[in-house]
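Record features, source TrEMBL:
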REGION    63-109  region 'Disordered'
COMPBIAS  63-94  compositional bias 'Polar residues'
COMPBIAS  95-109  compositional bias 'Basic and acidic residues'
Amino acid sequence: MEASYDVLRKDNEELNSGIQMESKTSRQLMVARESMQATTDSLRSQIESMNAEIETYKQQISDLQENNSPANQDLVVTSGKQRSQLTGPPQQLTHDLEQQKKLTETFED
């Protein structure tokens, strides 16, 4: 009977040892899983940030394409013509005033 008891005790110790090893392995796996989850979360965040940056670049490209469209180039040409038409008369008036001032000075002398 004592031999049976020793065999059972030995089996029990082996089982306890196995359980402890499995428990340790389980904890290690849990830590590894948590680490992998943190890495996954970090990568997901980086991907989201990069996607937002890509969308910004796409919008900038779209804006540049719109600004270089033929319709916009026509607006630039028209705007330039209007600017020259608007700056022409004041320049002419300034010139005329200077001429009038010179004539007035000449008459006063």
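In case you wondered, yes, glycine gets a Cβ from its N, Cα and C as well.
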Let me spell it out: take the compositional bias 'Polar residues' (63-94), skip the flanking residues so only those 6+ beyond its ends count, and list any with a Cβ under 8 Å from a Cβ in it.
none
The answer for the compositional bias 'Basic and acidic residues' (95-109), taking Cβ pairs under 8 Å and residues 6+ beyond its ends, is none
Per DSSP, what is the residue count of the region 'Disordered' (63-109) in each of helix, strand and coil?
44 helix, 0 strand, 3 coil
